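**Q** TrEMBL lists 32-53, 65-82, 94-114, 126-146, 158-177, 246-264, 295-316, 328-351, 357-379, 386-406 with the feature transmembrane segment. Feature annotation from TrEMBL assigns region 'Disordered' to 208-241. The compositional bias 'Acidic residues' feature in TrEMBL is assigned to 211-227.
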Amino acid sequence: IARTFEPWHLARSTWLIHASAWLDSAEGTMSVLLGTFGVLLASIFWGSNCVVCRGYDLPDDGMHFVLLMATGILLVGILSLFTAPHEDGDFEVVFAPEGLAGGIVWACGNFLTVPIIRNCGLGLGFATWSGANLVVAFVVGTLGFGPMLPGETLDRPQFGLVGILLAIIALVLFANVKPAMGPATSNTSTTSEGRPRRLDEQDLLDQPFLDPEEENGGPEEAELVEEEPSRREETNADPSSDANKAIGISFAVVAGILYGFQFVPLTIWHNKVVKQGHIFDQGIPSELSLATRFFFSQFAGTFLASLAAFTLYCTLNGNKPRLVPPAAVLPSILSGSVWAIGCAGGMLATACLGNAIGFPLLLNGAFIVNSSWSICYFGEIKGNRNLQLFGCAFFLCVLSSISISLSKG
């Protein structure tokens, strides 16, 4: 009788093995799909967050803008609390110390943005901090970060290395692209009354104000400009100076390292929850639900760090902060909200694809989207040389993304 039923038992065991393998494969496929969605979301929103506040005459130090941006980030964090409710209907907030640390790390890097741009320029600064960001994210994801964060296993690590190298070459090419600058560009800034006025973004960063009396014939604005040069001379560095370039590049490397570590706390927390096998008194939720429970902690850390920095800035400045124009307040908050949605996609991509794969992919995607805005909408990149450099950088970025994707099979 035992021999009679032996084939049935073997068939049942074989079926269970195949079913288990199918479930594992389906779970892996869903994780990849969620990670890919996170990459696309982060690419679109991170690549577009500066568009909404572009061209406004923001203060040189940027501290008030950073606080307003952090306010928009916190709003998205509060809304995210409603996306992952407790399974029995109770409203419970997940506040992870790891998320607080991740938000503070990113905010510290963000504080360096204005000094970087003023000392070495936007192109070189962006390329430097993005390159450092890519390398740190890939190295930490591959090698790990102490016992709390073991390294990720890549099926084809050589593809990942080639992808990172291609991305860095693309950033070097991008750093040599010179945007079309001049007083007659298509960007807008605001007047002293907060109304939009034509002015190029780079003029706000690297060049003194044009005399409005020559451009618009307005005596009121001519008086405004008389005060500005002296104040700008104190805050504007000369990007052509070797010393200032060295300072700017050093700050950019530090910012890139900080940006590269911003999602490490998420991975540590994610691994801790998976190891515990539960969150609160419930089992482990889906990857999507688990990631959304972390958003508020990360965004609260960013806001608290920005608020503390602005408070210190006001204290050291005799309680006379330089504020953004009234017309730029709402765009600054909206810029933070757009960035936060992109960051949420980035955390989802990192949780599903890993730090070594998800983070470099979304950085490449954000670069492609941001560059597309520059060339297709704002028309900043003109001239054969610039277009050729930009085209090569764009193409290398696409190849880099493909190579990084192949590194994990």
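Just so you know, the numbers here start at 1 and follow the chain as drawn.
Glycine is treated like the rest: Cβ placed from N, Cα and C.
TrEMBL annotations: computationally assigned, not manually curated.
Where in this structure would I find these features, and how exposed are they?
**A** Long-range contacts of the transmembrane segment (65-82) within the same chain, counting only residues at least 6 positions beyond its ends with a Cβ under 8 Å from a Cβ of the stretch, are 53, 58-59, 91, 93, 107, 110-111, 292, 295-296, 298-300, 302-303, 305-307, 309-310, 324, 328-329, 332-341, 343-344.
Sequence-remote contacts of a segment are chain residues at least 6 beyond its ends whose Cβ falls under 8 Å from one of its Cβ atoms, and for the transmembrane segment (94-114) they are 60-62, 66, 70, 84, 125, 129, 251-252, 254-256, 258-259, 261-266, 268-269, 279, 293-306, 309.
Below 8 angstroms of C-beta separation, residues 109, 116, 120, 152, 154, 157, 160, 164, 167-168, 171-172, 174-175, 249, 252-253, 255-257, 259-261, 263-264, 268, 354-357, 359-360, 363, 367 of the same chain, each at least six residues beyond the ends of the transmembrane segment (126-146), sit close to that stretch.
Taking Cβ pairs closer than 8 Å, the transmembrane segment (158-177) reaches residues 123-124, 126-128, 130-131, 134-135, 138, 142, 356-357, 360, 363-364, 367, 371, 381, 386, 389-390, 392-394, 396-397, 399-404, 406-408 in its own chain, all 6 or more past its ends.
Sequence-distant contacts of the transmembrane segment (295-316), counting only residues of its own chain at least 6 positions beyond either end whose CB sits under 8 Å from a CB of the stretch, comprise 61, 63-64, 66-67, 69-71, 73-74, 76-78, 80-81, 93-104, 106-108, 110-111, 265-266, 340, 343-344, 347.
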**Q** Find the member of 32-53, 328-351, 386-406 that has more C-beta pairs under 8 Å to the transmembrane segment (246-264) than any other listed stretch.
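**A** Between the candidates 32-53, 328-351, 386-406, the best contact partner of the transmembrane segment (246-264) is 328-351.
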**Q** Same-chain Cβ contacts of the transmembrane segment (328-351) under 8 Å, 6 or more residues past its ends?
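**A** Contacts with the transmembrane segment (328-351): 34-50, 52-53, 56-58, 65, 68-73, 75-77, 80, 190, 194, 263, 266-267, 270, 287-288, 290-292, 294-295, 298-299, 358-359, 361-362, 366.
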